[in-house]
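Copied over from TrEMBL:
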type	residues	note
DOMAIN	8-227	domain 'Radical SAM core'
BINDING	ARG17, ARG71, THR102, LYS163, ARG266, ALA267, ARG268	GTP binding site
BINDING	CYS24, CYS28, CYS31	[4Fe-4S] cluster 1 binding site
BINDING	TYR30, GLY75, SER126, MET197	S-adenosyl-L-methionine binding site
BINDING	CYS261, CYS264, CYS278	[4Fe-4S] cluster 2 binding site
REGION	315-337	region 'Disordered'
Amino acid sequence: MKTKVLDTLERPLRDLRISLTDRCNFRCRYCMPEEIFGPDYSFLSADKILSFDELERLTKIFVSLGVKKVRITGGEPLLRKDLPLLIERINNIEGVQDIAITTNGSMLKTYAEALYNAGLTRVTVSLDSLDDARFRQLNGNRGKVKRVLDGIQAAADAGLKVKVNMVVQKRKNEQDILPMAKYFKEKKHILRFIEYMDVGNSNGWKMEDVVSKKEILDRINAQMPLKPIDPNYTGEVATRFQYEDDQQEIGIISSVTDSFCANCSRARVSAEGKLYTCLFATKGFDLRKLLRTSDDDQVVTQKISDIWNHRTDRYSDERANHAPHKKSKVEMSHIGG
Ligand code: SAM
Ligand code: SF4
Ligand code: SF4
């Protein structure tokens, strides 16, 4: 039976983001800076992470509450062994209309075909620069541009629709906006520019490091004119634009300068099974404990429904009122983007 749940701002629960692991083979400075996530960092042990059985059970419960779209993320989700098996299991859940993964692309060449065969239709690949030296600086000296581009090509060849995410930071990679736009326009993959966000507590975020949606648009427009296009659906995270000459699309995710909390329908489950109702939350609810102590799905369903009913989150709308770094926010690598 399906029950639609609404939060205190009348927002339905429609999207579920599942982080499969808190581990990653990159050390992007804005997400897992090396000096914090170094050799001594204690990552979650296998028994603390939700199993595929638990994830399938949980997804079914979320679907019964209105979830239609599932995004698999991390850490780096491709580090999770047998990921295609999980994709297949989630894809077979009646009511899941869309399943996607977000990945750094470094292992995509190896897994693209298996993921497609498991029922995945689309993938989002993160890439912040086409310049190898700059890319390595941004990812903690771990990933090479060519490897990610090969992953993107393999995904497209396998039949997956590809979107590319680029986080833009002042003085770090703003010079890459135009080269990235030109490259992916030609390749016909949708490129989405993401404003650098104050997620977690470890990246030392400052407002002056943000390149705004307006600045990004101005830079592209000056060389390659764009026009706005309608959202695909209510609550779409990216604002969409099309090049005037060839209809190729780009998107901008402007959590900082043009927030979109009013339509936020996303629940997030961290690798250790905590439920977060906002990317900037300070506290999550321990679903793992509930799943491991109760066989009764109704108990879990009721708890999630209660949490969603009481949800008031609108962090980005209220960002200016928050004292940055005063509160302990969950890290991006725990709950995924
Ligand atoms: N490892 C995968 C990847 O990089 O695609 C999935 C997890 S990663 C946390 C998900 C997305 O969040 C990536 O596109 C990444 O660039 C973005 N991200 C991480 N930290 C961010 C920040 N502080 N501001 C904006 N986007 C961020
Ligand atoms: Fe890893 Fe993705 Fe975070 Fe980069 S953004 S450190 S690739 S989880
Ligand atoms: Fe949703 Fe929180 Fe982001 Fe607002 S700040 S859009 S409520 S995740």
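Every residue gets a Cβ built from N, Cα and C, even glycine.
Ligand 3 lies under 6 Å from the Cβ of the following binding-site residues, listed in sequence order from CYS24, CYS28, SER126, MET197, CYS261: CYS261.
Neighbour count (other Cβ atoms within 10 Å of the Cβ, all protein chains): 23 for CYS24 ([4Fe-4S] cluster 1 binding site). On the 0 to 100 pLDDT scale, the domain 'Radical SAM core' (8-227) averages 97 in the predicted structure.
In the vicinity of ligand 2, defined as a Cβ distance under 6 Å, the following of the binding-site residues CYS24, CYS31, THR102, CYS261, ARG266 are placed: CYS24, CYS31.
Secondary structure at CYS28 ([4Fe-4S] cluster 1 binding site), taken from DSSP and collapsed to helix, strand or coil, is coil. Cα of THR102 (GTP binding site) to Cα of CYS278 ([4Fe-4S] cluster 2 binding site): a span of 18 Å. On the backbone, the CA of LYS163 (GTP binding site) and the CA of SER126 (S-adenosyl-L-methionine binding site) stand 9 Å apart. In the three-state DSSP assignment, the secondary structure recorded for ARG268 (GTP binding site) is strand. Ranking the binding-site residues ARG17, ALA267, CYS278 by the distance of their Cα atoms from the Cα of CYS24 ([4Fe-4S] cluster 1 binding site) places ARG17 first. Residue pair CYS264 ([4Fe-4S] cluster 2 binding site) / ARG17 (GTP binding site) shows a Cα separation of 12 Å. Of the candidate binding-site residues, SER126, MET197, ARG268, the one lying closest to CYS28 ([4Fe-4S] cluster 1 binding site) when CA atoms are compared is SER126.
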